[in-house]
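Database features, via TrEMBL:
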type: DOMAIN; residues: 382-471; note: domain 'MucBP'
type: DOMAIN; residues: 483-555; note: domain 'MucBP'
type: DOMAIN; residues: 685-751; note: domain 'DUF5776'
type: DOMAIN; residues: 757-824; note: domain 'DUF5776'
type: TRANSMEM; residues: 14-35; note: transmembrane segment
Amino acid sequence: MDVIYDQKESKIRWLFRILLIGIATVFVALSFNFIGSVQQNALAADSNTYTDANGNWMGGTSAQHDAWLKTINPSWQSEDYANKIPADAKGQDPDTKNQYIDEWMPDKNLQQLVVYDLKLSSPNDITKELLNNNLTKFDPSADEQNDNQKYFNQVSDMQSLEGIQYASNITFIRATPDQSAAFNTWEVYPHGDLSDISALRTLDKLNMLDIQLDDVYDLSSLVGKKLDSGVDKSTAMSENHIVNASYLGSSKDTLRNSFTFIHQLYELPMVTLNSKVTSFTTPSFVIKNVDGDNVPVKPYYAAGDSNPNYNNFAAEYKSTADGGLYSDPAKQQITWTNLNKNNTVNGGYMTVIWKDSLFDNPSHPYQGYVVQPYQLSDSVGNVNVDFKNGDNNQYIYGQRTLSGNLGDKWNLALSDNNSFNLADTTSSQNQTIQNIIDQLKEQYSFNSIIVSTPVSGEFADTTPIPTVTYTFSTKSQPVNASPVTVKYMDEGNNQIANDQIIKGTVDASYDASISPYKVDTITKDNQTYQLDTTKLPTNVKGKFGIQPIIVTYYYNKKQTPTPPNPPTPVNPINPVNPVTPTPVTPSGTVTTTTEQPSAIAKKGEAVYSLKKIYLYKNKTFKKAERTASYAKKPRINRPMFVVTDYAHSKNGRLRYVVRDVNHHSKTAGKKGLITASWDYVRPVYYRSSHKTLTVISTRGVNEYKNKNLTGKIKNFKQGTQLKVKQFVNHNLTTRYLLSNGHYVTGNRKLVISGKHTQVKKIKVKKTIYRYNNANFSKRTKQIKKGTILKVKKWTYSHEYALNTFGAKRYQIAGGDGTANNKFVKAVK
């Protein structure tokens, strides 16, 4: 079960992925959804660039690594401190009062695995000297993982290999959860939390490494190693988040055809784009192959590839915008259009797939996906930021797209000539850029940096989106050349967009033939202009010099046809003088109903159903025209839709034109009409203030510093009661300002108004069973009458099923049990 490339096995794993709700890699509190219930940031990114949304290590500076390891174990001091701990030290550190082992091997799961391997009594018996003399192979026992769930969890929950570097004679490391134990014994999808392999950097004898099904991003610690795979070898790295394979260059001659390196899944931070954006270009995502070359990509639609495993693996992130045909040749960049084809303000993906023939063997490729979540807003403008190595003219970090309220100022200038510090780091977005600059400077040992212009401006809704590029070099500060100015003119030689400036050094190459400099369409003052391909400039590529260079693109007005007999738009949102709408009355006697304007959901707003409803083809509902049905569900699992338009039936009843956003259902993406009756359908977000909220989400609710849900503080568990100070509107969502000045979501599926008591303990009235999950798939233990059980949380079975309500369950130690009051009663 060690090598996971087998086609049949891959299909089985994919089925488990569907049954067990997705891969365990992402983020995004892995994952993004259309109404922001995972509380993604709308206008700014978390300035932390060294971890993903799940807290996994992505790579960064030494100081950032120390900060991350401290989250793994608060006793961690620093790498320098760890290196100075004596090789034979054990027990308590007299200076810090911590246990020595926690100061040089911070991951307690790794400690326990070493204890088992070396047959020790406790982690305090581990010393650096002991590892150096006795640990030549780290390979957690498959038999023990099948027999001992605690041991299996220790393998799965291990996050860092820090400390293993002191086993200087080690040749083989396996950190992959045993798939047989996961699938067959414990009935879970195999997934490990390992993300940090920095400790391998100094292990010169290491030649086999198995890190499949983990959360690894950064392979920089493998530079110079000669890793091997084959009949008796086990090097494998599939199902991680690796986009830079160049660190394996030293293993090109030793890695065999059996090396597996597929299903890498990398999710970029959410971008919020202005809804007027007609196209968006995602340039090189810095996917590098073993030779260090940028790997071309294709748009991913979960279809089109001859290998169904590649189509299926990331299906939940398939592109919702148009990026061209999958059958077209792979490219270095994708231009996306029709971003709002799903008629939604919040939600979508621009996802690409790549396949690179690994060591010239097409049957064992380096393959993966890059996911760019996006949302659209009328109130924001954007700035793109790129990072480039001037020594080889390659991009070295994924593009960051910044968002800000229209009219707000942005400033990405450096503090001084050749300074690696930004002039302004007051915003979280600028802090993010500063962290990236710091990381790249340390990683590549750069000595100089320049930034393109403009370096400042205002967030606007015009296209093309301005792009700021930071260019680095290992050389001493190069001689700056005169800039290349890219101009955008209409047929009358009038400027229709701001100039873009490309900066560089003398004799360095420039290329204005690609995004963001070459733009197919430009919108100004609600007029769209199309690039005139008959007048393309001839100097779009060249070298910087002493004399300035001007590149001019010309555009023609794009005519928009006027539709005959245009319909009168429906705009039921907040009229100046609200009146009861007059229904259309057909012949005969009918009963009419109207909805108050305050009860009508806005276009782009998310709604959910309270009772059983149907999705219909037409605005006048007929049983024969139902396309889907949605059962009444518990509040936390109610079916959701995004309102895209309005319609009225023949008797004047308001209907919502919607799109189904129940992503784990077969109906996901369906479009149709549902009732707008307040008794059946309501907005997902609260619309009024409440003094107290109670958390009902099984996953808890995050607390943030800012109302756009950035600057995460902590997670409130289910049952937590929150005191509210103020009700806050934010775009098409709502927030609650807490008494401590922080914010939480106003999503009704996550919180409920008022004080609600959480059951903490139950007493068994009749013999019951414990099960492995809320759907009671398998009995794991019998529990006798009279037993007192501690309740962790409550949930409902069949969370994603749309044809059944589901039964309430209590999560107890080791699994799930019934919440039926015929069998148990609450005692606390």
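Each Cβ is built from the backbone N, Cα and C atoms, and glycine gets one as well.
Unlike curated records, TrEMBL annotations are generated automatically.
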- How many of the residues that make up the domain 'DUF5776' (757-824) does DSSP mark as helix, as strand and as coil? 0 helix, 30 strand, 38 coil
- Kindly report the helix/strand/coil residue split of the domain 'MucBP' (382-471) according to DSSP, in that order. 17 helix, 37 strand, 36 coil
- By DSSP assignment, list the helix, strand and coil residue numbers for the domain 'MucBP' (483-555), in that order. 3 helix, 34 strand, 36 coil
- Query: How many helix, strand and coil residues does the domain 'DUF5776' (685-751) contain under DSSP?
  - Reply: 0 helix, 35 strand, 32 coil
- Message: Over the span of the domain 'DUF5776' (685-751), how high is the average pLDDT in this prediction?
- Response: 90
